[in-house]
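Structure first, then comments.
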Amino acid sequence: MTGMDMLNALHIQGDETIAARLEKYNELVMEKNRVMNLTGIKDSGESLIKNVYDSLTVYDARYFPQGGSLLDLGTGAGFPGMILAILRPDMQVVLMDAIRKKLRFIEEAAEILGVSNVTVVHSRAEDAARDGAFRDHFDVVTARAVKSMPVISEWALPFVKKGGIFAAMKGPGAQDELRDASGILSLMGTRLESEKECILPSGEKRVILYLRKNSLTPKRFPRKAGEAERKPIKAVRDKR
Ligand SMILES: C[S@@+](CC[C@H](N)C(=O)[O-])C[C@H]1O[C@@H](n2cnc3c(N)ncnc32)[C@H](O)[C@@H]1O
């Protein structure tokens, strides 16, 4: 599958330069992956589908405003953040991760590709969310394969501006995860705006949950580093 095939398959507008950069980024990830553990996927064709195409599934022009700001939390090797930065050069994109070496790779790759709208931030989400430059700031926050919904919601939502969107990339269990997160979502003044189901060309099901944040984050969130994972705020399940 080429970069252009992927854009067409997902009905995303993009020119040849964007399509070529998507392919080239995948090549750079694969090249670096031989000497450093960036992604568990070792085959280039498989990575195009499971990393690049999968990253593109989160894109919905309605939630990514012209000239807006985007944070990809727990970006790892830049998925989906770097793919979205390539797709939308007008947006200011911050890629955050707690592991520095992956961010160094992203900086090098951005330089090679001439992608100038990305900034990397080395931090735990729980710490960066206390920084006034980031808190209640971003039009859209994305996260793929970082943590379960109750945890990632507590980490990601403090970064979203009032009225902005958290796009959580999930698998077939998205509905259960959403139910589990209902407690933290309501504490954060956040509601499900829409959801999208996609089947990857490899056959796997993906579900994107688009959550709208309607109020500023209460001061006590996120709790201190590690606390959301140790004691996630879960919904009380009906035991029928
Ligand atoms: C399984 S990887 C997924 C990477 C990428 N999003 C992807 O889908 O390929 C999870 C990433 O989340 C990062 N991470 C975990 N906890 C974090 C935290 N508290 N703050 C920031 N990043 C975190 C890890 O360092 C890791 O790179």
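Including glycine, each Cβ sits where the backbone N, Cα and C put it.
Per TrEMBL, the features are as follows:
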type	residues	note
BINDING	GLY74, PHE79, ALA125, GLU126, ARG144	S-adenosyl-L-methionine binding site
REGION	221-240	region 'Disordered'
COMPBIAS	224-240	compositional bias 'Basic and acidic residues'
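Other Cβ atoms within 10 Å of the Cβ of GLU126 (S-adenosyl-L-methionine binding site), summed over all protein chains shown, number 20. The DSSP secondary structure for GLY74 (S-adenosyl-L-methionine binding site) is coil.
Long-range Cβ neighbours of ARG144 (S-adenosyl-L-methionine binding site) (same chain, at least 6 residues apart, Cβ-Cβ under 8 Å): ASP54, SER55, VAL58, GLY74, PHE79, PRO80, MET169.
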